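Trainee: Could you have a look at this structure, given as structure tokens, before my questions?
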Amino acid sequence: MSTWTRDDDKLFEHGLVLYPENIADRWQLIADHVPGKTADDIMAHYDDLVHDVFEIDSGRIDLPSYTDDTVELEGDCQISSGSNKKNNEIERKKGTPWTEDEHRLFLIGLDKYGKGDWRSISRNVVVSRTPTQVASHAQKYFIRQQAMKKERKRSSIHDITTAVDTNPVPPQSSFQNQSGTQNFNFAM
């Protein structure tokens, strides 16, 4: 088993991003990215990482606390995983609206993993959102679907019900003909 420095870990993580799961010889490509590491070292380190994440997610161990939580990147930007709150201030970030692409990915994940498996949807499909954000989006989506029985006043991203649908769903009143019955003769 080889020793891993913080720099090795950063190069390893960057390699994971550069070479996704579906690339042939992924482990060797990542090993080429991390000096002094073999493909076997990379696979063993990945297995350890997956195990650690599982243990943290299941609540068996706490998140590690690092003395240096700020990583310098090129230029003036920094990434900080620590908090810089003063005097127990609680900073609440405003939510970023979901894009149509994220919503369509959510629908794919919902179809694949089912209602309630927000963690899997977040990790494997809508990777730009946390499980809590996915759960919140799902709650709004299902409330909107229930409200479809009532007449809607304006369209919403939650009106998109399939991952392949590219047209927004018009309000129910648009389907009414003059006699008050629904007309489903759509042009294709």
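Cβ atoms are placed via backbone N, Cα and C, with glycine included.
So TrEMBL has the following annotated:
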- 172-188: compositional bias 'Polar residues' (COMPBIAS)
- 1-46: domain 'SANT' (DOMAIN)
- 1-54: domain 'HTH myb-type' (DOMAIN)
- 1-50: domain 'Myb-like' (DOMAIN)
- 90-146: domain 'HTH myb-type' (DOMAIN)
- 90-142: domain 'Myb-like' (DOMAIN)
- 93-146: domain 'SANT' (DOMAIN)
- 163-188: region 'Disordered' (REGION)
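Could you give the neighbours, burial and distances for every feature on this list?
Mentor: Averaged over the domain 'SANT' (1-46), the predicted model reaches a pLDDT of 89.
Residues of the domain 'Myb-like' (1-50) grouped by DSSP class, helix first, strand second and coil last, total 33 helix, 0 strand, 17 coil.
Per DSSP, the domain 'Myb-like' (90-142) is made up of 33 helix, 0 strand, 20 coil.
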